[in-house]
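**Student:** Supplied in structure tokens, the structure appears directly below.
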Amino acid sequence: NYYGRQTSRLSNTFVNLSIAHSVAVLGAPFSKGQKRRGVEHGPKAIRDAGLIERLSNLDYPLHDFGDLSFQYLEKDEPYMHVPFPRTVGRANKLLSGAVSNAVGAGHTTIMLGGDHSLAIGSVEGHARQCPDLCLIWVDAHADINTPLTSPSGNLHGQSVAFMLKELQNKMPELPGFSWMKPFLSAKDLVYIGLRDVDPGEYDILKDLGVQYFTMRDIDRLGIQRVMEVTFDHLLSRKQRPIHLSFDIDAMDPSLAPATGTPVNGGLTYREGIWITEEIHNTGLLSVMDLVEVNPALGVSREAVASTASMAVDVIASSLGQTREGGPITQESQTLKDDTEQLRL
């Protein structure tokens, strides 16, 4: 793994960093980045699945900041064919301030969505505090359409386009978004889990030279190698804060059926958890989004429960819950490094 190749002194610094942090949980019950009702109940579903209890078992002071309260505008005419632009813009401005405050107060911040348009505010607020951040986007979809390329117009499929400096000239000025400007370079972004990319998005990914791993790449390389290349791409020049934006539809629909745009052939449980364990092991996770859990779309109570429970597992694993049971401590990490040396 990435820091296994660093000196043990550096890996100890990583582990200390990750233990020192407190964790903030912030709910964002918002659905207007797309047209299906129910995703605004995602934060409640994830909490009901035992998130706070699970995180309380880890080694962190935990702060639950509850849910943000979003205003839906009475009049919010579509712009081009983009629905609810002012509502989405205003919600993201509010979320950006909340994430910025939480990160500024020293918390590793977990944002519970809501739909994936919320990443605009979450990553922007994070970047205000940490301008050198890098972004790992785990999703079946690239969410990098512009209003001009988007087949649906839905803003949850355009989040990344708002962030990227390279797309500045391709983005019309949408009402509701005058508060922000692009802040991320294409080289600071990696996608994992893609399997439903629109033609316009494919062109953008290729033109900008974005590093991405489709499900086929994961089949070919294995998830361990995918994460090694991801960290090599993002962290080899310097250590910097990681923003993990995790759409539950990255997981296979057999594991996370209650979501708005499920696509067959997704991540297995073990691949999803490997991604988050490895991100935790860098000690650099600063903000995580967990989005698109939609309890209204589960065909049964079990479908909703399994989706929400998958979300809890992914979050807990990002914060250091191991499959052996306990959180990673410096002692267990040193032991693991020693046994890895032996194997080598």
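Each position is counted from 1, following the chain as shown.
Just so you know, glycine gets a Cβ as well, placed from its N, Cα and C.
Feature table excerpt (TrEMBL):
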{"type": "BINDING", "residues": "His116, Asp139, His141, Asp143, Asp247, Asp249", "note": "Mn(2+) binding site"}
{"type": "COMPBIAS", "residues": "334-344", "note": "compositional bias 'Basic and acidic residues'"}
{"type": "REGION", "residues": "322-344", "note": "region 'Disordered'"}
**Student:** Take the Cβ of Asp247 (Mn(2+) binding site) and count every other Cβ within 10 Å, whichever protein chain it belongs to.
**Tutor:** 28
**Student:** Whose Cβ lies within 8 Å of the mean position of the Cβ atoms of His116, Asp139, His141, Asp143, Asp247, Asp249, the Mn(2+) site, other than those residues?
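**Tutor:** Nearby residues not in the site list: Trp137, Ala140, Ala142, His156, Gly157, Ala250, Thr261, Val291, Glu292.
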**Student:** Just jot down the residues in the same chain as Asp143 (Mn(2+) binding site), at least 6 apart in sequence, with C-beta under 8 A of its C-beta; none if empty.
**Tutor:** His116, Ala119, Trp137, His156, Gly157, Gln158, Ser159, Val160, Ala161, Asp247
**Student:** Taking the Cβ of Asp249 (Mn(2+) binding site) as the centre, count every other Cβ atom within 10 Å, in any protein chain shown.
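**Tutor:** Excluding its own Cβ, the number within 10 Å is 29.
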**Student:** Pick from His116, His141: which of these binding-site residues has the biggest number of other Cβ atoms within 10 Å of its Cβ?
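**Tutor:** Most Cβ neighbours within 10 Å: His116.
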**Student:** For Asp139 (Mn(2+) binding site), which residues of its chain lie six or more apart in sequence with Cβ-Cβ distance below 8 Å?
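**Tutor:** Set apart from Asp139 (Mn(2+) binding site) by at least 6 residues yet with Cβ under 8 Å, we have His116, Tyr191, Ile192, Gly193, Leu194, Ser245, Phe246, Asp247, Asp249, Ala250.
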